[in-house]
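TrEMBL annotations:
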type	residues	note
TRANSMEM	28-51	transmembrane segment
DOMAIN	29-443	domain 'Major facilitator superfamily (MFS) profile'
TRANSMEM	63-84	transmembrane segment
TRANSMEM	96-114	transmembrane segment
TRANSMEM	120-141	transmembrane segment
TRANSMEM	153-172	transmembrane segment
TRANSMEM	243-265	transmembrane segment
TRANSMEM	326-347	transmembrane segment
TRANSMEM	353-371	transmembrane segment
TRANSMEM	391-412	transmembrane segment
TRANSMEM	418-439	transmembrane segment
Amino acid sequence: MVSEDSLLLACTTHEAIYDRFSPDQKRWIVFIVSFAGLLPMFVSATFVPSIPQIAKDLDSTHAVVSLTVSLSILASAVGALVWAAYSSFYGRRWMYLWGVPFLCIGSCGVAMAASLKSLLFWRFVQTFGCSGGLPLGAGVIGDIYKLEERGTAIGVFFGATLFGFAVAPFLGGAAAQYWSWRNLHYSITAWGLLELLLVYLSFPETSHPGTLGIDKLKRRRWIHITWVNPLSSLWLLRSPNLFAVMLASTLVLITDYVLLVPLAYTIGVRYGIANEAIIGACFLPNGLGNFIGAPIAGRLSDVVIRRWREKRDGVWFPEDRLRATWIGGLVMVPLSVGASGLITTYVGGPVGLWLNLLCLYTNGMGVDFVFNPIGSYNVDVVRSRSAEATAASAAIRSLILSAATALVIPSIERIGVAWTDIIAAVLAIIGQGIIFLTIRYGDRMRASVDVGFSTTENNS
């Protein structure tokens, strides 16, 4: 029988794991992973405004060059799974050091592309190289922050990465209008080299001692290369809990894409905005909402965890963190996207434009109030495989979003902006219903399929 002294010793040892780094070191680590997390969003979102210029330079068409967007989604999904799976074996630091060179080489290749085929190839390499930013960053934060501090740190991380997604179209549009898309990708190469230098000089390995696959080998070569199946991460989604929150976050995130992807055809056309840089600037309120909303949502989810844990006399129930999603999923997201559709349809002039920008800001905040607690929840429930869980969710979510995004403009052309946005609002409410069921039946769902869930003893 385990004595109270043994339990106390185990708890103290586990607490010490999170005290390996000082508060200042933790903040620096969060800065580095946030800086790296900006890259995939920036690489993705700066490309779209450049498509007309790229098509002209390569003597191709807008539709053909747009194929690179679908290819990028595939590369991002594959890359996230690969870097996350190998990070559980070799460690987070090595994956950053291996991934960033792919980004730099791919970015140079994109900048020098002389044909569509070479553009497609190098764009795949570029996106593959930077796609580990989100899952690796979430895994790193799970490594260094305790349960009740984790949400705030992940909020800062998500806020920075999602802000990049909103700012990048403006910078991409400005580069296409006033500079050169090729120079833009040379700039991304320089960014990647700076990130590589920061990781090499000042980023420590954050994985808990003795937990990496390579640490468990009894015999290994000086250069030890092991095959790790990247698709194994997807098997985590057989858990009803992880699948449910992945689907819920996807349904909420669709509203972001419904507002932002056709922005030039909705707000741009309705209010007579033709300049690519100004259209890109219309993305900024959404990014500002992301930037402000993510830390607040993370802090709120930590507060919710603490309060409900106190109510249960110290008993931890992982799904409590999802209670922080209510204000975003039930109010801010559906109301902002539904209102934007109606305003675009019925309110013209500067008043309509300003109201739409307010809706974009509110939607940015609301999405984070759902996305952030769910991201923290994924880390909470499978902390030892948090990067893999984040990558698996991101991969499937990317595939769903790519299909949904392809339907947005045809839907607007067929049934109009208002009805398209209202449908997106209904999907967000359905997503919140899935979260409600996960909160209510979370313990039974976890018991039905155990994928190695964290416990109070190893995740406090």
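Yeah, the Cβs are placed from backbone N, Cα and C, and that goes for glycine too.
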Stretch of maximal Cβ-Cβ contact with the transmembrane segment (353-371) [cut-off: under 8 Å; candidates 63-84, 120-141, 391-412, 418-439]: 418-439
Distal contacts, the transmembrane segment (28-51) - CB-CB under 8 A, six or more residues away: 21, 62, 65-66, 68-69, 72, 76, 96, 100, 103, 107, 123, 126-127, 130-131, 133-134, 136-137, 140-141, 144, 153, 156-157, 160-166, 168-169, 171-173, 175-176, 181, 184, 188, 191-192, 195, 198-199, 202-204, 206, 276, 279-280
Averaged pLDDT, computed only over the residues in the domain 'Major facilitator superfamily (MFS) profile' (29-443): 86
Recorded stretches the transmembrane segment (326-347) and the transmembrane segment (391-412) touching, at least 3 CB pairs under 8 Å: no
The transmembrane segment (63-84) in contact with the transmembrane segment (153-172), cutoff 8 A, at least 3 CB pairs, sep 6+: no
Cβ contacts under 8 Å made by the transmembrane segment (120-141) with residues that lie 6+ beyond its boundaries: 29-30, 33-34, 36-40, 43-44, 47, 67-68, 71-72, 74-80, 82-84, 87, 92, 95-96, 99-110, 113, 150, 153-154, 157, 161, 185, 188, 192, 206, 375, 378-379, 386-388, 390-391, 394
